[in-house]
Amino acid sequence: MACKISNSMFICLGPSQRPIRSQTIAIHSSTASICHLKWDNLLVKGINHRKGIIPLRRNKVIQAVAVPVRPSSADSADSAEYRKQLAETYGFRQIGEPLPDNVTLKDVIDTLPRKVFEIDDVKAWTSVLISVTSYALGIFMISKAPWYLLPLAWAWTGTAITGFFVIGHDCAHKSFSKNKLLEDIVGTLAFLPLIYPYEPWRFKHDRHHAKTNMLSEDTAWHPVWEKEFETSPFLRKAIMFGYGPFRPWMSIAHWLIWHFDLNKFRPNEVKRVKISLACVFAFMAIGWPMIIYKTGIMGWIKFWLMPWLGYHFWMSTFTMVHHTAPHIPFKHSAEWNAAQAQLNGTVHCDYPRWIEVLCHDINVHIPHHVSSRIPSYNLRAAHKSIQENWGPYLNEATWNWRLMKTIMTVCHVYDKEQNYIGFDELAPNEASPITFLKRVMPDYA
């Protein structure tokens with residue numbers, strides 16, 4: 001084996017190279033070098049994932065790979081090439097370059113045209129009309145479809161009621177109407193078919209926006225803590241199924257845990273939480289018996305439960321795609337940067353057009369995290385502006401199986417150095433749910 005050290009590269013040549021410990025190299029480099037090396041580690045991790053290789057947890061090795069030690073201006077093209085390869089590996093269209101530390105969220109907001117913040121009553125109520133009409137059409141399809149077409153009818157109807165959630169979501173962010181009482185009424189009504197209490201969700205969701213990708217404080221999803229994973233064999237298996245095969249429906253657990261426990265809310269929030277809970281329980285007490293009376297238990301399953309599960313599929317999928325990727329870190333509060341989390345740590349993902357229409361562009365998600373006061377019907381215009389001004393820093397994807405496979409089989413347990421450790425790396429003998437996904441999930445983008 002022959003090794004050569006130059007000013008910018010450490011290269012091992014030959015078919016029988018000794019592994020290079022990348023962490024050891026990083027210790028002897030500058031801060032910029034460590035940042036640059038991070039991309040290289042992620043690249044190797046991504047390639048291993050594609051080949052089905054399980055990386056070692058502590059002693060990462062790089063074989064026959066040029067490892068940048070001191071980036072220079074000439075290395076910028078290499079860094080772009082790394083991101084391009086990472087994007088292909090993980091199922092992204094583009095992986096954004098790191099946002100400079102001196103950029104603030106206000107800097108980003110100031111580049112947006114003022115018109116994207118304007119509330120338009122006609123557009124707002126048009127979104128309500130679209131959701132009500134598409135949901136009614138879905139119920140009609142369920143009533144008329146033969147058994148073998150029911151899954152298609154359920155998929156349509158579940159997507160349509162996801163539009164109800166987006167309307168309530170706009171109301172919660174005060175971007176639906178200038179009349180704030182009307183917003184609360186519409187938001188509560190939009191959430192009722194989903195059995196979602198509006199005010200509890202609003203309080204928790206506001207904290208998600210304020211603390212996006214903050215390790216302990218973010219109230220949406222975040223990586224599993226290793227101490228949680230090692231608590232007991234039963235909990236470990238439950239977590240592996242929840243963050244593995246059942247991840248597209250994990251929002252059901254989130255819904256149960258976060259929204260019905262009064263102890264999770266501040267004293268000044270409890271009164272409004274109780275009102276929302278009363279509305280939800282009233283809907284269940286009146287609506288469910290009426291459905292069962294008219295159509296029987298099987299009718300309740302056909303007309304309510306299956307579309308509701310379809311909604312939770314989108315709720316879970318949208319949420320994990322928005323903020324979860326091997327290269328997107330969750331950080332402790334002392335290290336957290338708002339602009340990096342909201343602009344650089346949020347993913348824009350394109351879905352088939354009919355999904356985008358029924359869900360009111362909720363997946364045009366970067367501008368929504370830059371400012372939650374942008375109405376859903378203005379998100380595309382805001383995203384176009386952000387692309388023009390901050391394009392190199394954006395994470396963008398078109399929904400594909402490789403993207404889902406990466407999230408469901410790699411993004412598991414928090415690790416400060418490499419962001420995530422897979423369950424099959426920590427407990428290889430117990431990780432059958434993850435190895436099953438790696439074997440059966442498609443890998444095409």
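Glycine residues also receive a Cβ, built from the backbone N, Cα and C atoms like all the rest.
Unlike curated entries, TrEMBL annotations are predicted automatically.
Per TrEMBL, transmembrane segment is recorded for 124-142 (among others). Here the transmembrane segment (124-142) has long-range neighbours at 149-150, 152-154, 156-161, 163-164, 166-167, 170, 176-177, 186, 190, 193, 302-303, 307, 357-358, 360, 375-377, meaning same-chain residues at least 6 beyond its ends whose C-beta is under 8 angstroms from one of its own.
If you look up TrEMBL, you'll see 146-393 marked as domain 'Fatty acid desaturase'.
If you look up TrEMBL, you'll see 148-169 (among others) marked as transmembrane segment.
Below 8 angstroms of C-beta separation, residues 188, 191-193, 195-200, 203, 260, 262, 265, 299-300, 303-304 of the same chain, each at least six residues beyond the ends of the transmembrane segment (272-291), sit close to that stretch. The feature transmembrane segment is assigned by TrEMBL to 272-291 (among others).
For the transmembrane segment (297-314), same-chain residues at least 6 beyond its ends with a Cβ under 8 Å from one of its own Cβ atoms are 138-139, 142-143, 150, 154-155, 157-162, 165, 193-195, 248-249, 251-252, 255, 288, 291, 355, 359. What TrEMBL lists as transmembrane segment is 297-314 (among others).
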